[in-house]
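Chemist: Questions regarding the structure given below will be posed in turn.
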Amino acid sequence: MVIKHKFWIGMFIAPTVIIFLMFYAYPLGTVIVTSFTEWHLVSPIVFNGFSNYAALFRHDPAFIASLFNTLIWLVLQCTVFVGLGVLVALVTMRRDKFSRFVKVVYLIPNMIAVAALARLFYSFFQPSYGLVNQFIQWIGFSDFEMNWYMDPRTAFLSVTLTSILFAGIITLIVSSEIAAIPASIYEAATIDGATGTQVHRYITLPMLRNIIATSLILASTGALKMFEVIYLTTNGGPGNQTMNLSLLLYKTAMSDNDYGYANAIGTVIFVLGIGIILFITKLSKLGQSHYLE
């Protein structure tokens with residue numbers, strides 16, 4: 001009977017394991033293995049050891065710039081992106097019409113395809129007919145004209161502002177967790193004389209610790225794989241001002257046909273992602289144990 005029970009457990013698990021091996025483990029293993037090779041698709045694969053990684057970190061200014069930009073965006077996503085999402089969730093936690101209206105407006109960008117929103121903002125920031133320049137000219141700066149996405153002084157900021165519009169998903173996740181907190185806890189705190197700030201500090205935020213950690217992981221992985229917004233607005237320019245690891249990987253593979261080198265970049269992204277997830281998880285557990293003490 002026990003053997004039969006284990007057999008059926010194995011049968012139910014098998015499809016998931018097979019799908020995981022086919023679509024996740026095997027491609028990932030292929031990327032890591034071929035990152036140690038010279039592979040130009042049409043030519044034979046030649047093992048070259050750590051040459052790709054040595055070239056990345058020693059002789060490739062585009063990679064260094066991309067890594068730096070990716071890390072900056074990662075920090076901004078984890079602070080501004082998540083912070084803004086949590087703040088809006090806290091401000092709109094009341095179930096009144098105004099809070100619902102703010103949430104709906106804030107979530108609109110998440111209902112639009114990333115590519116469509118990127119092109120929309122690309123038109124907003126155009127130097128000749130863009131709404132941003134027209135507004136600045138309308139308020140009195142008649143000679144003002146700037147190509148926001150192509151000017152080295154504003155390109156990075158413009159891409160960042162475009163990507164932050166998707167912070168609504170964090171608000172949605174955090175709001176659902178806030179709704180699950182029993183109202184009796186807030187009622188007891190109010191009876192004890194707690195202010196709104198104290199309620200958020202000592203009740204709401206500690207109870208949101210796990211969901212905030214999840215939001216940080218989502219924001220971090222989103223920063224690592226950010227592609228459409230950059231590709232459709234600046235294409236990594238001007239120079240390498242807005243180049244990130246995902247776009248560099250794409251260009252290395254598709255434009256240069258250097259798949260071994262591109263897979264080395266992909267492996268760096270994977271290692272960064274795993275490291276960040278482990279760090280956030282560990283930090284969350286340490287904070288939770290400190291809170292319980």
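Positions of Cβ are set from backbone N, Cα and C atoms, glycine also.
According to TrEMBL, the record shows the following:
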DOMAIN    67-280  domain 'ABC transmembrane type-1'
TRANSMEM  7-26  transmembrane segment
TRANSMEM  71-92  transmembrane segment
TRANSMEM  104-125  transmembrane segment
TRANSMEM  155-174  transmembrane segment
TRANSMEM  211-233  transmembrane segment
TRANSMEM  259-280  transmembrane segment
Chemist: Among 7-26, 104-125, 155-174, 211-233, 259-280, which stretch has the highest count of C-beta pairs below 8 Å with the transmembrane segment (71-92)?
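Modeler: That would be 155-174.
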Chemist: Among 104-125, 155-174, 211-233, which stretch has the most Cβ pairs under 8 Å to the transmembrane segment (259-280)?
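Modeler: It is 211-233, which has the most Cβ pairs under 8 Å.
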